[in-house]
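Participant: Mind having a look at this structure? Questions to follow.
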Amino acid sequence: MSWIIFYTIIAALLILDLGIIHKKNKVISFKGSILLSLFYFIISCLFGIYVYHNMGLDHAREYYTCFLIEKAMALDNIFIISIIFQFFNIPSTYQHRVLFFGIIGVIIFKAIIIYGGIMLIHKFSWLLYILAVILIATGIKTFNVSHKTYDIQNSYIYKSIIKNLNITHDLEGQKFVIKRNNKLYFSTLFVSLILIETIDLVFAIDSIAAIFAITNDVYIIYTSNIFAILGLRSLFFCLSEIVERFSYIKYSLALILIFIGFKIFIHHYIEIPAYISLTVTISSLLFGIIASILEKI
């Protein structure tokens with residue numbers, strides 16, 4: 001029943017998004033983007049209350065912790081999506097269509113990765129320690145890297161697409177596939193979608209690795225991930241412009257990843273409660289936000 005409720009909510013949100021809010025392909029305003037993201041955030045928080053009533057306080061804490069971690073880790077993802085759109089000169093009126101179908105892909109791929117990951121961890125528990133090393137290494141690396149970049153032209157996926165598919169840079173509305181002279185061509189909207197899906201998969205490995213350390217409950221992991229991504233994609237049209245202003249968020253994320261990594265290593269000796277994980281996550285993110293704001297004053 002819980003899965004039916006979740007998928008019903010997601011289906012309703014997607015229908016609302018594509019069928020009503022973006023039906024006329026108008027560029028959403030900055031204010032509209034903020035309000036829409038706030039709406040998604042409220043829905044996500046209300047779902048957390050549903051988790052609390054049906055699964056208990058600890059599961060609710062795990063849900064909110066996973067939700068916040070996924071939100072934070074997806075910020076770089078949003079920045080790279082912006083780079084992809086700029087590289088292909090995708091008009092703002094068509095960007096939402098790419099993001100929408102990207103969400104559909106995320107819903108499918110995240111399910112596969114999460115279910116597969118849980119099965120592997122249940123069978124090979126030592127894999128958690130490998131994930132812990134990856135998380136700590138990623139956290140340390142995040143402290144040392146000034147900015148993430150994405151070289152589209154030299155990426156393997158881009159080169160493979162250009163080599164194996166007929167690509168046209170002339171758009172015909174929102175079409176991903178265009179037929180000309182009895183020949184099929186793929187538009188840059190399609191290429192953008194494939195690159196974005198690839199980036200989503202790469203980022204999913206880090207984020208899900210972090211979340212596996214919080215809980216191994218498939219329902220909590222999957223629902224928190226999907227709600228977090230839905231909210232961020234709706235905020236894309238303003239977030240892509242302001243994400244760089246919050247320069248200290250990456251340090252918050254680094255602290256969270258290192259904390260989670262060490263949590264895995266010591267869990268046989270010290271069991272860290274869900275409320276501590278949630279407190280560390282919220283405190284770290286607040287530190288990053290406040291420090292970023294103070295730097296601009």
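Heads up, the Cβ atoms here are built off N, Cα and C, so glycines get one too.
Below, the features straight out of Swiss-Prot:
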type     : residues : note
TRANSMEM : 1-21     : transmembrane segment
TRANSMEM : 32-52    : transmembrane segment
TRANSMEM : 72-92    : transmembrane segment
TRANSMEM : 98-118   : transmembrane segment
TRANSMEM : 120-140  : transmembrane segment
TRANSMEM : 194-214  : transmembrane segment
TRANSMEM : 218-238  : transmembrane segment
TRANSMEM : 253-273  : transmembrane segment
TRANSMEM : 274-294  : transmembrane segment
Participant: Any contact between the transmembrane segment (1-21) and the transmembrane segment (72-92)? By contact I mean 3+ C-beta pairs closer than 8 Å, pairs at least 6 apart along the chain.
Facilitator: no
Participant: Given pairs 6 or more apart, does the transmembrane segment (253-273) have at least three Cβ pairs under 8 Å with the transmembrane segment (32-52)?
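Facilitator: By the criterion, they do not touch.
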Participant: When you scan the chain for residues with a C-beta under 8 Å from the transmembrane segment (120-140), skipping those not six or more beyond its ends, what do you find?
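Facilitator: Hits for the transmembrane segment (120-140): 206, 209-210, 212-213, 216, 253-258, 260-262, 264-265.
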